[in-house]
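The Ca(2+) binding site annotation in Swiss-Prot covers Arg42, Val44, Ser172, Tyr210. As annotated by Swiss-Prot, disulfide bond applies to Cys150-Cys164, Cys212-Cys213, with the evidence given as similarity to another entry. Sequence annotations record features per position, and here Swiss-Prot assigns N-linked glycosylation site to Asn46, Asn90, Asn133 based on sequence analysis. Residues or ranges marked as signal peptide by Swiss-Prot: 1-22. The topological domain 'Cytoplasmic' annotation in Swiss-Prot covers 316-469, and the record cites sequence analysis as its basis. Annotation comment: Swiss-Prot describes 234-254, 262-282, 295-315, 470-490 as transmembrane segment.
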Amino acid sequence: MCGGRGGIWLALAAALLHVSLQGEFQRRLYKELVKNYNPLERPVANDSQPLTVYFSLSLLQIMDVDEKNQVLTTNIWLQMSWTDHYLQWNMSEYPGVKNVRFPDGQIWKPDILLYNSADERFDATFHTNVLVNASGHCQYLPPGIFKSSCYIDVRWFPFDVQQCKLKFGSWSYGGWSLDLQMQEADISSYIPNGEWDLMGIPGKRNEKFYECCKEPYPDVTYTVTMRRRTLYYGLNLLIPCVLISALALLVFLLPADSGEKISLGITVLLSLTVFMLLVAEIMPATSDSVPLIAQYFASTMIIVGLSVVVTVIVLRYHHHDPDGGKMPKWTRIILLNWCAWFLRMKRPGEDKVRPACQHKPRRCSLASVELSAGAGPPTSNGNLLYIGFRGLEGMHCAPTPDSGVVCGRLACSPTHDEHLMHGAHPSDGDPDLAKILEEVRYIANRFRCQDESEVICSEWKFAACVVDRLCLMAFSVFTIICTIGILMSAPNFVEAVSKDFA
């Protein structure tokens, strides 16, 4: 019984002694390692030999890509390892002490910085402890939020792929003193970004020579390759622009008498201008290249602007004053003949009026009125017009090929009317009939002028309809060509649509 209790107490005492000895070993080791240690001294056994530093990084997150300021913000953990000749110990002399940690500034560490840093402090890393094991192997893992300058190529925006470089190197050591070796980047803990897809982060070791020195200056450059996800921009910019450009085609379908053709065209043009300003706020103020979406907006604005100009011409044709003159011959041939035939358009009422005129090509002329004073004394019922109508009973219509005939209405050609006005006179003994004939001539002349004005107006209105239909087809083709040709010219258009819109 006593022997069992004695064994327990001995085991407990041995454990406490081991813990106290381990703490004592670690304390003594720290004192031995930092004794006569100079953090400014390069820890190598031979000063003529370079110190090899292995460098890598772990990309955790792409936080922001500022296209306007051309700055990439990333969350990165750096990984640096080297061997310190002065921080080695024999584990048998310090049992239980496998590794020790030194704070920043107490031991030597490489001054590796991000060359293309855009941070106000330049060095954005959090200085952590350096982990050292018994063989002198040192491991330094400082995390940081890095802001690096990156040239943003907006040529294919929003179907663009960006490549941002992260260039790391020693700030004061050359290649003969510090040999910087690259290791592959780690993206196993990467957090996906809602705007960018990470395609890869390949690295490359470079050596650069300066005129001042013969030794090389090595650096490690990692290229962050990322593809923009286009779903957001497609729903908020591209699709509204396509719909607005389609609305611009409705200008040619809107009747000219509605009075809203110009208003609709200008409204569409202003809408595209607003979207253009939204794109300009995102893009950097650079003249190196024009973004793809800006090209599409500009081409659409040009098409809409031309549609407004054509609408003005259409309205001018539609509301043309008949007293302003007849349609020029070349305009009639091009618009009313060629374009109307190509568009399969016919004048309103053309199929109804022309056959009737062809079957009854008759014209009534005042010259055919036979006035016979010798037929007997004129009888009167007390109405002056009755005498006139009695005199017009002999009026008849004769067939004539003249195009001035108006079917269903009494019409007289200008030559016949002038002949009647100057050469045809009734009998000298019937002044009432002469007055009636003069009134008939006036009425016929008014009808003829109205018919001519209606023909001129109908020609101009039909020409306006032809221009509207022709521009509707032409602008539809141009809009489709611009939409497909410009947007599909992006190298990764198919990949972006298949991945983001699927």
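These residue numbers are counts, starting from 1, taken along the chain as shown.
Backbone N, Cα and C define each Cβ position, glycine as well.
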Q: By CA-CA distance, flag whichever of Asn46, Asn90, Cys213 among the recorded positions is nearest to Cys150 (disulfide bond).
A: Cys213
(Q) To the nearest Å, how far is the Cα of Tyr210 (Ca(2+) binding site) from the Cα of Asn90 (N-linked glycosylation site)? (A) 43
Q) Counting only residues 6+ away from its ends, which parts of the chain sit with a Cβ under 8 Å from the transmembrane segment (295-315)? A) 238, 241, 244-245, 248-249, 251-252, 256, 261-262, 265-266, 268-269, 272-273, 275-276, 279, 464, 467-468, 471, 475, 478-479, 482-483, 486-487
**Q.** Cys212 (disulfide bond) to Asn133 (N-linked glycosylation site) - Cα separation in whole Å
**A.** 38
(Q) Within the topological domain 'Cytoplasmic' (316-469), what mean pLDDT does the predicted structure show? (A) 61
Q: Report, in whole Å, the straight Cα-to-Cα distance of Asn133 (N-linked glycosylation site) from Arg42 (Ca(2+) binding site).
A: 18
Q: Count the Cβ atoms, other than its own, that fall within 10 Å of the Cβ of Cys213 (disulfide bond), considering every protein chain shown.
A: 11
Q. Per residue, counting other C-beta atoms within 10 angstroms of the C-beta, which of the recorded positions Asn46, Asn90, Asn133, Ser172 reaches the highest number?
A. Asn133
**Q.** Nearest-integer angstrom distance between the alpha carbons (Cα) of Cys213 (disulfide bond) and Ser172 (Ca(2+) binding site)
**A.** 13
Q | Surrounding CB atoms that lie within 10 Å of the CB of Val44 (Ca(2+) binding site), all protein chains | A | 19
Q) If you measure from the Cα of Ser172 (Ca(2+) binding site), which of the recorded positions Asn46, Asn90, Asn133, Cys164 is the nearest? A) Asn46
Q: Give the distance between the Cα atoms of Asn133 (N-linked glycosylation site) and Asn46 (N-linked glycosylation site), rounded to the nearest whole Å.
A: 21
Q) Of all the recorded positions given, namely Val44, Asn46, Asn90, which is spatially nearest to Cys164 (disulfide bond) at the Cα level? A) Val44
Q: Quick one: pull the CA-CA distance for Asn46 (N-linked glycosylation site) versus Asn90 (N-linked glycosylation site), whole Å only.
A: 21
Q: Indicate whether Cys212 (disulfide bond) is helix, strand or coil by DSSP.
A: coil
